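Peer 1: Before we start, here is the structure in question, set down as C-alpha cells.
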Amino acid sequence: MATAVNGAPRDAALWSSHEQMLAQPLKDSDAEVYDIIKKESNRQRVGLELIASENFASRAVLEALGSCLNNKYSEGYPGQRYYGGTEHIDELETLCQKRALQAYGLDPQCWGVNVQPYSGSPANFAVYTALVEPHGRIMGLDLPDGGHLTHGFMTDKKKISATSIFFESMAYKVNPDTGYIDYDRLEENARLFHPKLIIAGTSCYSRNLDYGRLRKIADENGAYLMADMAHISGLVVAGVVPSPFEHCHVVTTTTHKTLRGCRAGMIFYRRGVRSVDPKTGKEILYNLESLINSAVFPGLQGGPHNHAIAGVAVALKQAMTPEFKEYQRQVVANCRALSAALVELGYKIVTGGSDNHLILVDLRSKGTDGGRAEKVLEACSIACNKNTCPGDKSALRPSGLRLGTPALTSRGLLEKDFQKVAHFIHRGIELTVQIQDDTGPRATLKEFKEKLAGDEKHQRAVRALRQEVESFAALFPLPGLPGF
C-alpha cells in the first residue's frame with residue numbers, strides 16, 4: 001500500500017527499485033555503456049597505442065577519479081568557498097597545489113599554482129583572458145608547424161580557434177628545410193607585431209625549446225612568456241628535458257599525457273618580486289596570481305572537478321618517485337630507438353630525430369600521406385595520428401604520422417620492443433602504398449577507405465598483420481582498473 005509523502009502517494013516498490021538502481025554495478029545498470037567500455041578496453045589491450053598525447057593512468061588515479069568527490073560542489077578557492085561542507089575539499093586542493101610545486105621543484109614564495117582548470121585548453125584560455133586584453137596580441141607556434149590549436153590558429157580564410165577570434169594572433173614558424181623553430185624570424189616578427197604574450201609550446205615538435213632565447217625575445221617586446229608544457233610535463237618532472245620554469249612567467253599543462261594522470265589542467269604563475277624600480281628602489285611585485293585565479297573562477301569556469309583534482313594529486317605523488325623518473329628516461333630512450341629503427345627502414349624523421357617522447361615521420365618520400373597510413377594502421381590495431389609536415393601545401397592531406405612512446409612504455413615496452421613496433425609500422429605503410437597503387441593517384445580518401453574495406457586481397461593482408469600486432473601487444477599488461 002502506497003503512503004503519502006507531502007500529499008503525493010509514494011509507491012514503496014518503486015522507491016525500493018530506485019534504491020536498488022543506485023546500488024547496481026554498471027554491468028547490471030547499463031549493459032550498453034558497459035559493453036562499449038569493455039570493447040574499448042579490449043581495443044587498448046590488444047592494440048599498440050602510439051598517439052603521443054595518450055597514456056594509461058594508474059589504478060590509483062582512476063580510483064580517485066571514480067570517488068565520491070564527484071558529488072561535491074565547491075565554487076571558489078580554499079578558505080573562500082561559495083558552498084558549505086568543503087573542509088575536506090579545501091584539504092585536497094591545498095594538497096594538490098603543494099604536490100604540484102614540489103614535483104617541479106618550485107619555491108612557494110616564488111611560484112603559485114591553480115589546479116582547477118578542466119583541461120589544457122581552458123587553462124590556456126584563462127591565461128590569455130587574465131594577461132591579454134580583448135584583441136590583444138599573442139604569438140604561438142603555427143599549428144601546421146607543430147603548435148597547438150589553442151595557440152591562436154587561423155587560416156587565410158577563417159579564424160579557427162577561439163584564441164584567434166578573441167585575440168590578435170601571429171604565428172611563428174619552423175624552418176621548412178630543417179624542421180627546427182626559426183628563432184631569428186620569430187625575433188624579427190615580434191619586433192614588428194609587439195605581442196603582449198609569447199607562447200612556448202608544441203603538440204608535434206620533437207626538439208627541446210630554447211626558453212632562454214624566447215624569454216629574451218619576450219623581454220625585448222615587454223611581453224609575457226608562457227610555456228604550454230602539456231606534452232612534456234612528465235619529462236620535465238623527471239629532468240630529462242629542460243624545464244620552462246627558469247625563464248617563463250606562466251606555465252600551463254595538461255595532466256594526462258606524459259604526467260600520466262587523469263584529464264585536467266594546471267596553471268603555474270610567478271609570485272613575489274618582479275623587479276626593482278631603479279629610481280626609487282621600490283620592489284614591484286607580480287600580480288599574476290589574482291589575475292589568473294579570477295580568470296579561472298569566476299571568469300571562465302564554475303565549480304572545480306574535485307574528483308579530477310584528486311586524480312591529479314595522486315599522479316603528482318607518483319611523479320615524484322624514482323620509478324616515475326626511470327619511466328620517463330625509458331620514454332625518451334624508446335622514442336630514439338623507434339626513430340632509429342624507422343630511419344634504418346628508409347623513413348625520413350622531421351628534424352632528424354627526437355629529444356622527447358615523439359617523432360614526426362614524413363611520408364612524402366614513400367609516395368603516400370598520413371591520412372591514408374593512419375587508416376591502414378588503425379585497421380591493423382596500431383593507433384597513431386596524421387599530422388602536417390613542414391612545407392605541406394594542404395592540411396587536408398597531411399604528409400606525416402605523429403608517433404609517441406609514453407603509452408606503450410607504461411605497458412613495459414623497451415628499446416628492442418620498439419624496434420619490432422617499427423617493423424609493424426613499416427609493413428602497414430607498405431600496405432598503404434599497395435592500396436594506393438590499386439586505387440590510382442587521383443583517388444580520394446573516401447575511395448581509398450572503400451578499397452581498404454572491400455578488397456579481399458588487402459583485407460587478408462590487414463588481418464595477417466593485425467593478428468601479429470595483437471599477439472605481440474597481448475604480452476604486455478594494461479595498467480588501470482581490473483575488469484576494465
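The backbone N, Cα and C atoms fix where each Cβ goes, glycine too.
Pasting the feature list from Swiss-Prot:
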MOD_RES   Ala2  N-acetylalanine
MOD_RES   Asn6  deamidated asparagine
ACT_SITE  Cys204  active site, nucleophile
ACT_SITE  His256  active site, proton donor
MOD_RES   Lys257  N6-(pyridoxal phosphate)lysine
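Surface or core, plus neighbours and distances: that's what I need for these features.
Peer 2: Cys204 (active site, nucleophile) is surrounded by 25 other CB atoms, counting those within 10 A of its CB over all protein chains shown.
For His256 (active site, proton donor), applying a Cβ distance below 8 Å and a minimum sequence separation of six or more within one chain yields Asn55, Ala57, Cys262, Arg263, Ala264.
Counting Cβ atoms from all protein chains shown, Lys257 (N6-(pyridoxal phosphate)lysine) has 27 others lying within 10 Å of its own Cβ.
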Peer 1: Can you give me the Cα-Cα distance between Cys204 (active site, nucleophile) and Lys257 (N6-(pyridoxal phosphate)lysine) in Å, rounded to a whole number?
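Peer 2: A Cα-Cα distance of 13 Å.
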